[in-house]
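Reviewing the structure listed below.
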Amino acid sequence: MYFHFGFYSDLETSHCLIWALHNLAVPMDASTSGTSSVQYHNIAEQPIATIVTSPVSTFQRQVRHCFGNETPGEFPLSANPSIVLHVLTGCNLDPQDLSTLEASVYLLGLPANFAPDNELSLAELAALDMCRKRAIFKPMTLEQRQDLKERCGGSWKLVLRFLLAGEACSRREKSQAVAGPGHSVAVSSKGVVYSFGSNSSGQLGNGTIEEEWRPHPIRSLQGIRIIQAAVGAGRTMLISDTGKVYAFGKDSFGEAEYGVQGNKVVTTPQLVESLKDIFVVQAAIGNFFTAVLSREGRVYTFSWGNETKLGHQTEQADLEPRPLLGALENIPVVQIAAGYCYLLALACQPGGMSVYSVGCGLGGKLGHGTRTDEKVPRLIERFQTLSIQPAVVAAGAWHAAVVGKDGRVCTWGWGRYGCLGHGNEDCESAPKVVEALSNVKAVYVATGDYTTFVVSDDGNVYSFGCGESSSLGHNTDAVEAQGNRHSNVLFPEVVTSLKQLNERVVQISLTNSIYWNAHTFALTESGKLYAFGAGDKGQLGVELSANQTERAIPERVDIDLS
């Protein structure tokens, strides 16, 4: 059997490669007598005995070479490890596949004697090479890379898993839209930011406090590439590709609980000085606090610092970022999600993915089987019982959801209006599988104020929960004629209004605040943005008639995010 490098560029063919390496790779020692080989172009033909009995020196093998200058011929995998390394890297194998191969194929577990570390195995070097392709990894210094490696468990395969998990569960460096309380932000794949809606605190970042329904780019950010946006009540935060954080809008937190009134309104993006020494890759805004995630997987929070809240011995107005105490101090996190008064963190551990929660436990939304508060992050143990590897986490105002690697969906927390999808309005204090979605393989989940959306791998979108302000997308003309435009949905239902678009939806964003009527965004694979729900402040990005306050049917927003 022969293989030609370049054929293995997708998941299906990479499985063929794994099978081939299992069956064709031979031990790299003089006693090997196997004849298995792989055919490559431009590799000189040599007798295997000559190669095996004349080992390549460490000095010569500092150079990874895959092509020679002579005619094609057969070449044993054990004779030139650089070919195997090149194939492993080029096929973008999953870290789990690399681990399996390293454990079962003798050749892949041997020291490869290649730079930058002669002691690394071929599987480890392939993982390191793939890490180097990631945008977040590229600017890191050697010291920072080594620190990340130790934080992830001492293996480049685990670092690769950490990086890939972070890319998979968020739209980092891809187009995205955020449906905030009263205003909205959209980010193109090129890093251009558009804002529209309510602007009483300058949260649109356009230098004014005037409401605007038309999406406009924030011109003061010209030359800065934004990779992620977070939106809260009256405030906006943006993360650049260099890890810098820009904020604008209201400068205070917790007005509803503490009666604190900010005395400063910021109408254009300003660099957050307190975060300048932290390379930030994600931000999440709760009602009383903000959380940011560093490139190394560390979580920092500021504001709402009472010790009974997020474990910080500070005042609620403290704006200094504080690393989360407790279990997550030495565990890398790939995604954070903030709800009304709590925080979820998707963590990457050597044994698999896990979810931690901290904050207010009202309604059981922390997922520990109780309704008590947690002042430091605590592991949600139910996923182990359910044999679910969490892949995406979402924190609604009062309930939460997770999509597992196997496509199952779990929800928990306050079940009002049917937002948990279990057919009732009961609370669930621990994650529970949504049985109504048992025949659906989910890839994405979004939660808001008593609403939930699920995106399946076949492109269908399901929603359930509170039907107020037409934000579930089920309000077709037929439903409106029956007078049920705001009916609640207790079980997941396909959003037919999105199915009719004939566009694959890749992201859903919901308003996640108890103080505003909700609206919803659906972003398609081609970069088209559709909006529906409440639009009384211009937050839909589409023009409404004089007496209209919402849109029941998804309408295209006039911006291209591709």
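Every residue, even glycine, has its Cβ placed from backbone N, Cα and C.
In TrEMBL, annotation is done automatically, which means it is predicted and not curated.
Per TrEMBL, the feature domain 'RCC1-like' maps to 174-509.
Per TrEMBL, repeat 'RCC1' is recorded for 191-242 (among others).
Annotation source TrEMBL lists repeat 'RCC1' at 243-296 (among others).
Annotation comment: TrEMBL describes 297-349 (among others) as repeat 'RCC1'.
Residues or ranges marked as repeat 'RCC1' in TrEMBL: 353-406 (among others). If you average pLDDT over the repeat 'RCC1' (353-406) in this model, you get 96.
The feature repeat 'RCC1' is assigned by TrEMBL to 407-458 (among others).
TrEMBL lists 459-526 (among others) with the feature repeat 'RCC1'.
Taken from TrEMBL, the feature repeat 'RCC1' covers 527-562 (among others). Using a Cβ-Cβ cut-off under 8 Å and counting only residues 6 or more beyond its ends in the same chain, the repeat 'RCC1' (527-562) has close neighbours at 175-177, 179-180, 182-184, 186-189, 194, 196-198, 211-215, 469-471, 473, 475-476, 480, 485, 497-498, 501, 503, 511, 516-521.
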Three-state composition of the repeat 'RCC1' (527-562), taking helix and strand from DSSP: 0 helix, 14 strand, 22 coil
Three-state composition of the repeat 'RCC1' (353-406), taking helix and strand from DSSP: 7 helix, 25 strand, 22 coil
Helix-strand-coil residue split for the repeat 'RCC1' (407-458), DSSP-based: 6 helix, 23 strand, 23 coil
